[in-house]
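Peer 1: Straight out of TrEMBL:
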- 25-52: transmembrane segment (TRANSMEM)
- 100-117: transmembrane segment (TRANSMEM)
- 123-144: transmembrane segment (TRANSMEM)
Amino acid sequence: MAVSRTVSEARVNKNTNWLNAEGAWLWYLGLIALTWLALSSFMDAGLAWTYVHLFHGAVTFYLMHWTKGSPIAEDQGVWDSHTFWEQLDDEEQGTRNRKFFAVVPLVLFLLATHGSDFRQQPLLLNLVVVVVLLVAKTPAMHGVRLFGINKY
């Protein structure tokens, strides 16, 4: 029996498609937990959540909302003007991946603020980080470059 093959016209973004794989979210959460374990081994557990939150905020802002393009050569520049967040789920809003990546900074903020002594904890800095990350993830900010920063 002959098997006929057709060429798929579906656009698959390999740069973000790995998030649909089984265990991707677990790997991400495990990396956060390992960072907390490493930090809490030599400091207060609550303060460790603060540093995890701040580090997570800085890294994810840079990787998801600042860096544009795709390292995959097969994309042929299709995504060069889009950030990782804009590429996520083929630019569709309100998907499970987008909700997950919006909830994680919020949970880290809650862990950081409720897990440590308020005299040691930089509440304002934690608040700024979570607000910047959540505002950057709103559908209204899709494709927006404030003051022309990171436009090119």
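In case you wondered, yes, glycine gets a Cβ from its N, Cα and C as well.
Each of the listed features needs to be described in terms of its position in the shown structure.
Peer 2: Packing against the transmembrane segment (100-117) from elsewhere in the chain are residues 25, 28-29, 32, 44-47, 49-50, 52-54, 56-57, 60, 64, 85, 88, 123, 126-127, 129-130, 133-134, 137: each is 6 or more residues past its ends and has a CB under 8 Å from a CB in it.
Residues 50, 53-54, 57-58, 60-61, 64-65, 82, 85-86, 91, 93-94, 98, 101-102, 105-106, 108-109, 112-113 of the same chain, all 6+ positions outside the transmembrane segment (123-144), place their C-beta atoms under 8 angstroms from a C-beta of that stretch.
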